[in-house]
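Peer 1: Can you keep this structure in mind? I'll have questions shortly.
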Ligand SMILES: C[S@@+](CC[C@H](N)C(=O)[O-])C[C@H]1O[C@@H](n2cnc3c(N)ncnc32)[C@H](O)[C@@H]1O
């Protein structure tokens, strides 16, 4: 396990993933009933953008830094930006929330946050970062086991983020297996799988597997920052979202063109499609 998210925190892919995550949580919160947030590959929880790892790559400069301080932010970014402002009250962008911290800060008092991280050092830091919030449980186990270990939840409503490092060739297939495990145990689970886009041809099998997953509905959202034939580069990223809450598609249709314009580097773009329609 060599991957350390601190090198990539706040990059364009994090911005897409984390804004969509805050919208999933906001839309789930329209109903009073509680829900559980599950994170199979949680990372550290929060990151220092002035730390050694983040400054070595500077990826956040082409990501969250492009949103910081802007006056024309779309309404859909408000929850995400509010967390950032609370973490950086002096107006300097330094601390960045990972998915655990965003979920912890945007869920309600009666919701639960169930996190899992396998890397021993990152797991210890995640525990320390989440300390003191009794709604949060941190597990230091195997991410691929989370759907079978933790679903169904007592609340009968859940959002699950699957966000592995994609260091190994089989991780796309394992994401689809985890999606199947999740919906077989609790069919209504909202499952968001994040995935990198380098060369679209590498994704053909993944799209086919998603289409055959048996999810009731599956929406695919992609944001590009470079032309898709650019070699050796993270040209974009996507989220495959099973059981997206009502209203998400319309929100994203408004948000994605703005994100593509704001985060595009050599060439911004976006796409959204139902892989499984109702
Ligand atoms: C992309 S990062 C997660 C970022 C986090 N979800 C966020 O948005 O802030 C992937 C994480 O998965 C962890 N990891 C790698 N293999 C794992 C496994 N098999 N089970 C659980 N965690 C794993 C890595 O240590 C890393 O922290």
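In case you wondered, yes, glycine gets a Cβ from its N, Cα and C as well.
Keep in mind that TrEMBL annotations are predicted by a computer and have not been checked by a curator.
Residues or ranges marked as site 'Interaction with substrate rRNA' by TrEMBL: 3. The feature S-adenosyl-L-methionine binding site is assigned by TrEMBL to 18, 41, 99, 117, 142, 143, 163. According to TrEMBL, the active site, proton acceptor annotation covers 163.
Tell me what's around each of these sites.
Peer 2: Applying an 8 A CB threshold to same-chain residues 6+ apart, the list for residue 3 (site 'Interaction with substrate rRNA') reads 165, 167.
For residue 117 (S-adenosyl-L-methionine binding site), the same-chain residues 6+ apart in sequence whose C-beta sits under 8 angstroms from its C-beta are 41, 42, 43, 44, 123, 126, 138, 139, 140, 143. Mapped onto three states, the DSSP output places residue 117 (S-adenosyl-L-methionine binding site) in coil.
Annotation note: residue 163 (S-adenosyl-L-methionine binding site) sits in a coil segment as assigned by DSSP.
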Peer 1: Looking at the binding-site residues 18, 99, 142, 143, 163, which one has the fewest other Cβ atoms within 10 Å of its own Cβ?
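Peer 2: Counting other Cβ atoms within 10 Å of each of the binding-site residues 18, 99, 142, 143, 163, the minimum falls on 142.
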Peer 1: What's the longest C-alpha separation between any two of 18, 41, 99, 117, 142, 143, 163, the listed S-adenosyl-L-methionine-binding residues, in angstrom?
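Peer 2: Result: 22 Å between the two most distant Cα atoms.
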